[in-house]
Amino acid sequence: MGLLFTRLWSLFTNEEHKVIIVGLDNAGKTTILYQFLMNEVVHTSPTIGSNVEEVIWKNIHFLMWDIGGQETLRSAWNTYYSNAQFVILVVDSTDRERLSITKEELCKMLNHEDLRKAAMLIFANKQDVKGSMSAAEISQHLNLTSIKDHPWHIQGCCALTGEGLYQGLEWITSKLKAPSPKYLTQTQPKFSGTVATMFYLLEQILKQ
């Protein structure tokens, strides 16, 4: 079975950078994914499982996985971590009550073996809403300055208008272009859409 997996993997020769988009439910993850993909707002519903799309930015190919954030789904986040070079953590800047939960989930990710070389981009979403927390305030609550083993950046944004999103993507791109640690050179074959989903499912089967 391992040989089968290796041969299937080798069929895809173009490189692509894997990005996972996580955060609590209603943070705006899916809206951000499709802003990156189509540069427009699409109608979304709570994600059950994941959405996966290929996003091309400045001739760089990203495979972006938008993962459902409901409480019952968070325990499955780690099944998507393998080969992820970047984590985009989307925070609802109006949701003060659950910021401590976001902090707990962030700590779990920072300590997970499969993400030990991943860079972290935190989007402080919904900055257009009156009374929302600033990026600086969220950074303080999440204690981001204590992160020493992962490159990280926090960016205020509004998923509905796209404001701030591409500044975040520019930061990711800068990490790829700069002289970098090993995690930045770990790329994966390029595939998208249904093929990506099928390949991911096969990977999970082969792990069993």
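Quick reminder: no glycine exception, Cβ is built from N, Cα and C everywhere.
Sequence annotations record features per position, and here TrEMBL assigns GTP binding site to G23, L24, D25, N26, A27, G28, K29, T30, G69, N125, K126, Q127, D128. Remark: G23 (GTP binding site) has K29, G69, L89, V90, V91, D92, T102 as non-local neighbours, by Cβ distance under 8 Å and separation of at least 6 in sequence.
Taking Cβ-Cβ distances under 8 Å and a sequence separation of 6 or more, the neighbours of T30 (Mg(2+) binding site) in its chain are T44, T47, N51, D66. Residues or ranges marked as Mg(2+) binding site by TrEMBL: T30, T47.
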